[in-house]
Amino acid sequence: MSAPQSDCVETSDVLQSFISMYEELPVLWNPSDSNYKNKNKRNAALVKLLSVYEKCKPGATISDVRRKINTIRCNYRKELKKIEDSKRSGAGTDDVYSPSSWVFHALQFINNFEQPVDLGNSQAQLDEEKEDVENENPSQIQATTSRSSIVPPLEPMPKKARSIGPIARQNELLQKACAYLDFSSKNNETEIPTIAKAWGEKLLQLRTLQRALAERAINDVLFEASQGTLHRHSVKINEGFSYESSTVASPVDSVPQIPSPQQQGFRSTQNDRLVNFFSGYE
């Protein structure tokens, strides 16, 4: 029985030496170290740790050292998780979980660079790393981590992109459409002459019949101008009409001309445009 106890004491001593050496090599665990990303410096540090680790595992390799570091750090994170869970459960100060393993307390120098392991999201990884810190035996180390070299501190798992439901997607498209229409409307408004807006305000103040006559006269003027036939004497107001008590009487001498099909088409188009334009002021 004395031999196993001697081996156990020797194992603890080697593990303690391993952790002490690890603490003296911040290039392996402190991201703020100037040589943290220097591959050669990190490999040299691993060689130093290997010389200690070979005392309990002859023939060990750099890969074994990396696995050992990942193992003790994973166990450290699990202990942090237990502490955090006990605090969240509303336990009193005396009931908060306190790790009893000396290894946990020996690794306090990495506390600022570790996050608690989320047991719900990392169960598969933890199943591979079931070594118990309190009963750890370096002579029986198993490969518990996969493929990677040391990457302290572990980066949090990327969050999954939030999926957008059909209603949210529809609202997003509507917002974009409204923004586009608002932008187009503002651009169109800047192209309308100020005097045209003033005419529109005056037309809105007219009675229905007077507005219709004014719109027709405006259409006639615009048509002649578009054809290049508008001149100084093109517009003749109220010629051939008589007035009684400030009301418009029936025409006396003039006979209204029937507009040509081309004029009718132009007037119809202009009427539609004016209706659309002035409807915005109503």
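Backbone N, Cα and C atoms are what each Cβ position is placed from, and that goes for glycine too.
Per TrEMBL, these features apply:
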- 17-115: domain 'MADF' (DOMAIN)
- 127-156: region 'Disordered' (REGION)
- 136-149: compositional bias 'Polar residues' (COMPBIAS)
Secondary structure content of the domain 'MADF' (17-115), with strand meaning DSSP E or B:
66 helix, 0 strand, 33 coil
Can you work out the mean pLDDT of the predicted model over the domain 'MADF' (17-115)?
89
